[in-house]
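S.K.: First, the structure itself, so that you have it in front of you.
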């Protein structure tokens, strides 16, 4: 008598739903393959050449400007985004809907137009720049201009992630804390912040990612000077203009790698906050 192993009527792949398969095919074509291709292109170069291109002084300076200002912009929006979300959810005032719609303007506005607008307002002869220039303060075509552009394009992320969380909070909890003698600052730190902290960190992470990759607005409002306000995305574009595809690929890989590491850290903090408050 011969033994027959039971045959599988369906393979593992056929048991998967079409939505699952479509999701993975879509992500593979749009996200995974381009990222892997970038790393493979860099890995095709000799290791010494990769190190040389990645650690050029101008590239290192561009990394510092890019990540330093992106983190600063994300932190600023983390603070002011919460304040704006608080105002939108806790107060009624004339023109509130119009004010709320303006928050999403950086999403819809082309980045080049955003850069042109900021340069028009904050240049030495701009609407605001002309009043601060006599005091020796220059925003446009400096690192301050880069920071301003990054703050502008990443502002909506924190506001839109925190706003629904604030709407879910019960006002009675805040009133109870106040009735028990808690000060407004104590109420914020102990009652309001813990449940919205994961949303704040999520918005900060999204805003940081957006700021790191920003090009259109920064290239207009900054001076794009090496070792001063030149950011990595603009440096990559300059390398491509010089037909230095190897340099552009390596710098892009470094930028992507460091961004992934920082996002991993922020997401880890977000998960920790969710478990701590859950």
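Each residue, glycine too, has its Cβ placed from N, Cα and C.
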S.K.: If you look at how Swiss-Prot annotates this chain, which of 162-182, 246-266 comes out as transmembrane segment?
M.R.: 246-266
S.K.: So are the transmembrane segment (188-208) and the transmembrane segment (67-87) touching or not, going by 3+ C-beta pairs under 8 A with a sequence gap of 6 or more?
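M.R.: Per Cβ check, the transmembrane segment (188-208) touches the transmembrane segment (67-87).
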S.K.: Can you find at least 3 Cβ pairs under 8 Å between the transmembrane segment (102-122) and the transmembrane segment (246-266), where each pair is 6 or more residues apart in sequence?
M.R.: no
S.K.: Please figure out which one of 22-42, 67-87, 139-159, 217-237 racks up the most CB pairs under 8 Å against the transmembrane segment (246-266).
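M.R.: By Cβ pairs under 8 Å, 22-42 leads among 22-42, 67-87, 139-159, 217-237.
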